[in-house]
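Enquirer: Before anything else, here's the structure in question.
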Amino acid sequence: MEVPGSSKKMIATQEEMSAAKIALGSRDMCAHLLIPLNKCRQAEFYLPWKCEDERHVYEKCEYELVMERMLAMKKIREEEALAKQNKLQGNAAVPLIPKTANA
């Protein structure tokens, strides 16, 4: 399964995520990294220094997804600003009320 607009592919299946009891909010393109991280956390009694490598890889994946979304939103905002600017310039060519109307 591939999400439109994302450079990453879904690797973990719905069945794998369901079996690993991954929360619905965490079922994104990095879920395949969260499954071994949660297994490590449970095996090591959630000691923060035990699963550093798995956590680092998972958090880097999440960071890359956030940055990808931010760049996409920035591009959308730039396109909207350009469209708005073009619309304003198009209206300026044909004034509806002459500037001398205030006299």
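Our numbering is plain: 1 for the first residue shown, then up by one each step along the chain.
The backbone N, Cα and C atoms fix where each Cβ goes, and this holds for glycine too.
Copying in the features that Swiss-Prot gives for the protein in this structure:
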type	residues	note
DOMAIN	27-69	domain 'CHCH'
DISULFID	Cys30-Cys61	disulfide bond
MOTIF	30-40	motif 'Cx9C motif 1'
DISULFID	Cys40-Cys51	disulfide bond
MOTIF	51-61	motif 'Cx9C motif 2'
Enquirer: Would you mind giving the whole-number mean pLDDT across the motif 'Cx9C motif 1' (30-40)?
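Expert: A mean pLDDT of 98 is what the predicted model shows over the motif 'Cx9C motif 1' (30-40).
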Enquirer: When the motif 'Cx9C motif 2' (51-61) is classified with DSSP, how many of its residues are helical, how many are strand and how many are coil?
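Expert: For that range the per-state counts are 10 helix, 0 strand, 1 coil.
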Enquirer: Can you name the residues of this chain that are 6 or more positions from Cys40 (disulfide bond) yet have a C-beta less than 8 Å from its C-beta?
Expert: Lys50, Cys51, Glu54
